[in-house]
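Student: Quick one: structure below, then a few questions.
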Amino acid sequence: MSEVQSSAPAESWFGRFSNKILSLRGASYVVGALGLCALLAATMVTLSLNEQMIVALVCVAVFFIVGRRKSRRTQVFLEVLSALVSLRYLTWRLTETLDFDTWTQGILGVTLLLAELYALYMLFLSYFQTISPLHRAPLPLPANPDEWPTVDIFIPTYDEALSIVRLTVLGALGIDWPPDKVNVYILDDGRREEFARFAEACGARYIARPDNAHAKAGNLNYAIKHTTGDHILILDCDHIPTRAFLQISMGWMVSDSNIALLQTPHHFYSPDPFQRNLAVGYRTPPEGNLFYGVIQDGNDFWDATFFCGSCAILRRKAIEEIGGFATETVTEDAHTALRMQRKGWSTAYLRIPLASGLATERLITHIGQRMRWARGMIQIFRVDNPMLGSGLKLGQRLCYLSAMTSFFFAIPRVIFLASPLAFLFFSQNIIAASPLAVGVYAIPHMFHSIATAAKVNKGWRYSFWSEVYETVMALFLVRVTIVTMLFPSKGKFNVTEKGGVLEREEFDLTATYPNIIFAIIMALGLLRGLYALIFQHLDIISERAYALNCIWSVISLIILMAVISVGRETKQLRQSHRIEAQIPVTVYDYDGNSSHGITEDVSMGGVAIHLPWREVTPDHPVQVVIHAVLDGEEMNLPATMIRSAQGKAVFTWSISNIQVEAAVVRFVFGRADAWLQWNNYEDDRPLRSLWSLILSIKALFRRKGQMIAHSRPKKKPIALPVERREPTTSQGGQKQEGKISRAAS
């Protein structure tokens, strides 16, 4: 008789060993403390290269042992370990690698060192920001709606099409809030008659100022003078809110009268250029997820949440106290938050997406938007430096400093990519060290930086993708960085173009030509290095140096090729983007037939539903009514079934008036749980991420017209978090609500 085998996989010897270590009460912390002390001592004393190699291997082993446990203490430990390993590397770089033979070597070597110092500075600041993310949850509103505050919803627009703006306006009009306590305003800097007529037809209010001074900030300031609500919800004209936006977010504004701003994530229901153009795009977290999933939660702990221009609630009293929205820079949002915090106001972040908008369609548009952000943040750094002036706590200063100086990445990024060319083309050794020493000090530093980031970022950002996102725009931002630092008043606000279509596949040469040139030069350098390794008679040190720089150039070339691949723009013909959603519905036709089903995807163009129905072809469509109950509202939506076969039916909406259109908007975009799957991605694994980056390059070599087979992450249910607060007793004996803990520094 055969033995019954366990279905659980056998645990490796390493797993059993590390679990044994971690299971000992307090042992992990003792071992950790001793290990960090030993590492610090090894950094400060002179050890042989072989002994330093042992130190490096021990650090890697400690990472794997401690990293098996998932807890906040583990993350802090790994961040401290990574910082010490990086300090060890920096000590070595400053004391043993700056011995140059020529002025050229010296200049190139110091240039690389400065780039590394910037990278280490940003690494340490990022660890500081994310040391204890707050993970704020919603607070309940008072039971009596009469106690809820009044809210003005501002939707600023300039030259965007009405077809985009109307969805946001209709979504805002559908927000669950007492009708006498909310007003929706279209702030039209384009002064268009069709927008005024639409506002009158749908029940929104319309404000148009006589000029366009100070762009978006001026538009908002003008509206403040002509409205009276206690709070202001700002929505970019393409950010369509869910019905529960105010009920989920306003609890904090009511509970704490010192909160001037509550920011929520920016989520996009359409793919950005990286998602749309790369074969692995839909399996990779969007670029903005790192900021809204990790960094803003970390900022919230330090009371340094940034205002991001949309999907945010602001207290009118706080805005009026600082004289309105900041107009000195092109990023009025972050500057406004900084000014409020200088006045002693608090800010908050709620990591629940309550609205969704359109991502930039084209790569060149994406680059232009980031150039404006970079210009604006560097302007704030120059004209209102957070490290100077009064009113800010240390944590706030450092968080703002990190945000502003992060946009200096362009020059260091170019230096890192190009550095191997100094040796491959000109035999200039810009790190005065043997390849073995580089491996002993640099590789552990890189390993811990990458591996620790993977633990911290989880599924919000994958390893090596930050390099791709930065490299896409680095060569464009070099000039912006230098000019803005020297002349901070230069530059103007540019509206980001959205909502377009791409009728044919094309290669965006405008957005990629600098990196194409860069990649050609890098490939030539690699060929030069390979030629030397294969055909030249090299001594062992030169051979290792060529091998090291060839590996470096291969990594640079992979990043550059991935960046160029994003420029292969795929066709985008849909005006209405499909959104995956599983909604129970019942379909009725006018002959009395009915069937229950589940939606597969929804859009403003129609809906696909899994349901048993007779075969229907486009030549013989069927008029139906789709019945659904969402957030307590019964909906009966008229539609036309244009195709039905094999248990799946496709419908187009039959929108006859603005009331039906508003109901469809609520059905498609207004569901309270519509965007809770926004981070349904697997946790980062660096080697898998590197492989996906290599796979993304194949987009460059696909045949014209060949579609990319995107594989979306599988959906899993996510519960909406609710803050549970126990009442505490004040000194006067009265009950008061407990407050969330955050840094006091």
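Cβ coordinates are placed from backbone N, Cα and C, and glycine is handled just like the others.
Just lifted these from Swiss-Prot, have a look:
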{"type": "TRANSMEM", "residues": "29-49", "note": "transmembrane segment"}
{"type": "TRANSMEM", "residues": "106-126", "note": "transmembrane segment"}
{"type": "REGION", "residues": "147-240", "note": "region 'Catalytic subdomain A'"}
{"type": "TRANSMEM", "residues": "153-173", "note": "transmembrane segment"}
{"type": "BINDING", "residues": "Asp236, Asp238", "note": "substrate binding site"}
{"type": "REGION", "residues": "317-377", "note": "region 'Catalytic subdomain B'"}
{"type": "TRANSMEM", "residues": "407-427", "note": "transmembrane segment"}
{"type": "TRANSMEM", "residues": "430-450", "note": "transmembrane segment"}
{"type": "TRANSMEM", "residues": "468-488", "note": "transmembrane segment"}
{"type": "TRANSMEM", "residues": "515-535", "note": "transmembrane segment"}
{"type": "TRANSMEM", "residues": "547-567", "note": "transmembrane segment"}
{"type": "DOMAIN", "residues": "572-670", "note": "domain 'PilZ'"}
{"type": "TRANSMEM", "residues": "649-669", "note": "transmembrane segment"}
{"type": "COMPBIAS", "residues": "708-717", "note": "compositional bias 'Basic residues'"}
{"type": "REGION", "residues": "708-745", "note": "region 'Disordered'"}
{"type": "COMPBIAS", "residues": "736-745", "note": "compositional bias 'Basic and acidic residues'"}
Student: Taking DSSP states H, G and I as helix and E and B as strand, how many residues of the region 'Catalytic subdomain B' (317-377) are helix, strand and coil?
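Tutor: Looking at the region 'Catalytic subdomain B' (317-377) with DSSP, the answer is 31 helix, 7 strand, 23 coil.
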Student: Give me the stretch from 153-173, 407-427, 430-450, 468-488, 649-669 with the greatest number of Cβ pairs under 8 Å to the transmembrane segment (106-126).
Tutor: 407-427
Student: Which stretch from 407-427, 430-450, 649-669 shares the most C-beta pairs under 8 Å with the transmembrane segment (153-173)?
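Tutor: Most contacts with the transmembrane segment (153-173): 649-669.
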Student: Kindly report the helix/strand/coil residue split of the domain 'PilZ' (572-670) according to DSSP, in that order.
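Tutor: Counting residues by DSSP class gives 12 helix, 52 strand, 35 coil.
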Student: I want to verify one value. Collapsing DSSP to three states, which class is Asp238 (substrate binding site)?
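Tutor: In the DSSP reduction, Asp238 (substrate binding site) maps to coil.
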Student: On average, what pLDDT score does this prediction assign to the region 'Catalytic subdomain B' (317-377)?
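Tutor: Across the region 'Catalytic subdomain B' (317-377), the average pLDDT comes out at 95.
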Student: Cβ under 8 Å, sequence separation of at least 6 from the ends of the transmembrane segment (430-450): give me the contacting residues as numbers and ranges.
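Tutor: For the transmembrane segment (430-450), the sequence-distant neighbours (Cβ-Cβ under 8 Å, at least 6 residues beyond its ends) are 49, 52-53, 56, 59-60, 63, 78, 81-82, 85-86, 88-89, 92-93, 96-100, 105, 108-109, 111-112, 123, 419, 422-423, 463-464, 541, 544-545, 547-548, 686.
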Student: Run through the Cβ atoms and count how many others sit within 10 Å of the one on Asp238 (substrate binding site).
Tutor: 25
